[in-house]
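A quick write-up on the structure given underneath.
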Amino acid sequence: MKKVIAIDGPAGAGKSTIAKALAEKLGYIYIDTGAMYRTVALLAQEQGVAVDDAAALTDIAGKAEITMRVEGGQNRIILNGRDVTEAIRKPEVGAAASPVSAVPGVREHLVAAQRKLAAHGCVVMDGRDIGTVVLPDADCKIYLTASLDERVQRRYDELCAKGIQTTREGVREDISTRDYRDSHRETSPLKQAEDAVYLDSTGLGIPEVLSRALALAEAE
Ligand code: DC
């Protein structure tokens, strides 16, 4: 059985759904690294810090104490004792998380925290640079993606289900902008690790993707 599983891919590919379900099946811890960048972006917004103020953002990331706990089957994100699970899912926080995550100092702090969280093994971690930078020695690496159309539809459905008002065009614009920025930044851009398995989930349901991911995780 594998001990450390890394799942990377673009926005809306279903990484968190699959990573969370995989962790549940294996009895592992699930670590959502995107939530950590979103949390720093939320703090920056609350403190009126601009997304290009690298020094202030690095300071925020260094001081933020971000923890995760599972409650009623849901992954809760706790920032300095405050539950920010819902607040960080707002589209404006997601949009700010992308430039915030391009700041090298922010990444340094969060990558160090992520490695600590994974130090004891038995983890499924998802993000953009897990297989390439955070956990290059992961036992199993999956690059999960889907067509832009499908990712837009999934994210649109997810936001609607949460009662967040949006349009398909708005979601498409948001996802395209974020994907471009996340894959073209200088520090740790989104890319498939050489030893990652490419998994295209276009047209596949969650059970199908999960069973493929589980097979990869359990393979020798
Ligand atoms: O996966 P997500 O949408 O919650 O991620 C929010 C932002 O954080 C995304 O635009 C890219 C960034 N991110 C990153 O740079 N590295 C990670 N390991 C995870 C997320």
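Note that Cβ sites are derived from N, Cα and C of the backbone, with glycine treated the same way.
Worth saying up front: this structure is predicted, and the values here are computed from it rather than measured.
Straight from TrEMBL, the features:
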- 1-148: domain 'AAA+ ATPase' (DOMAIN)
- GLY9, PRO10, ALA11, GLY12, ALA13, GLY14, LYS15, SER16, THR17: ATP binding site (BINDING)
For the ATP site built from GLY9, PRO10, ALA11, GLY12, ALA13, GLY14, LYS15, SER16, THR17, further residues of that chain with CB within 8 A of the site's CB center: ILE18, ASP126, LEU144, THR145, ALA146, ARG151, ARG154
ALA11 (ATP binding site): secondary structure state under DSSP, collapsed to three categories: coil
Given the binding-site residues ALA11, ALA13, which one's Cβ is surrounded by the fewest other Cβ atoms within 10 Å? ALA11
Over the domain 'AAA+ ATPase' (1-148), what is the model's mean pLDDT? 94
Does DSSP give THR17 (ATP binding site) helix, strand or coil? helix
So what sits near LYS15 (ATP binding site) in its own chain, CB-to-CB under 8 Å and at least six residues off in sequence? ILE7, ASP8, GLY9, GLY34, ASP126, GLY127, LEU144
Across all protein chains in the structure, which of the binding-site residues GLY9, THR17 has the highest Cβ count within 10 Å? GLY9
Can you list which of the binding-site residues GLY9, ALA11, ALA13, THR17 have their Cβ under 6 Å from some atom of ligand 1? ALA11
Residues of the domain 'AAA+ ATPase' (1-148) by DSSP state, where helix covers H, G and I: 71 helix, 34 strand, 43 coil
